[in-house]
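Taking it in order: structure first as structure tokens, then the write-up.
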């Protein structure tokens, strides 16, 4: 593992108060003590709010910032461009664009990413769009930009993303099985695509644990985050699987079912 992303979707950043976000980030920076870079999610609806988070992240020692497009109001590419440019001007840390249209209802265009990368506004991309064609187009646009890093957030298409030009993988399921994604990444880097594909298939099956929650009583996000946390409790990583309100927690049967997914993936 070569870095940590704090304050993303799996980290429930949208549910945390500003003080809670700062507390989490500060704890991670202190714990890692410079061993790996810490990317701080500064996700919020509008530019000024993001800048406040970014200044806090810089003060706490983050190595880079991760921001989405602005959301709540529909946005135009020119507004998205101004958003990222203003953040970069305000805080002197590398800025990574977080493409997650399922949450912010805007897909970051490949041409816009290329323009902002060429200008030095963006230092990287975390693509959680699930759009492998769009990610391939973005990688092609930034391929010649020095030191730009493109990351996929896909749990199930990471091998394809690496083949398309991704520099790394930042998946939510990586919290449950980080070693699996490291093996996948390393196999791809040495050109052993048979091993990479086999590892990806194992991880794809494991990822279906996000469906463990009953959809008649909870949303997909509650099911996914609840399953990740239940898996981490089963693995002895955390002590409590409580999720943020208003997410609905897994019941006892659903929590017990998570263990079956771990056993199939040889994590138990």
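Using the three backbone atoms N, Cα and C, a Cβ is placed for every residue, glycine included.
As written in TrEMBL, here are the features:
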type	residues	note
ACT_SITE	98	active site, proton donor/acceptor
ACT_SITE	126	active site, schiff-base intermediate with substrate
BINDING	10, 170	pyruvate binding site
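Across the fold, the C-alpha of residue 98 (active site, proton donor/acceptor) and the C-alpha of residue 170 (pyruvate binding site) stand 11 Å from each other.
Here the Cα atom of residue 10 (pyruvate binding site) is found 14 Å from that of residue 126 (active site, schiff-base intermediate with substrate). Between the CA atoms of residue 170 (pyruvate binding site) and residue 126 (active site, schiff-base intermediate with substrate) there is a gap of 7 Å. For the residue listed as 'active site, schiff-base intermediate with substrate', the same-chain residues that are 6 or more apart in sequence and have a Cβ closer than 8 Å to its Cβ are 5, 8, 66, 96, 97, 98, 99, 151, 152, 153, 170. Highest Cβ count within 10 Å among the recorded positions 10, 98, 170: 98.
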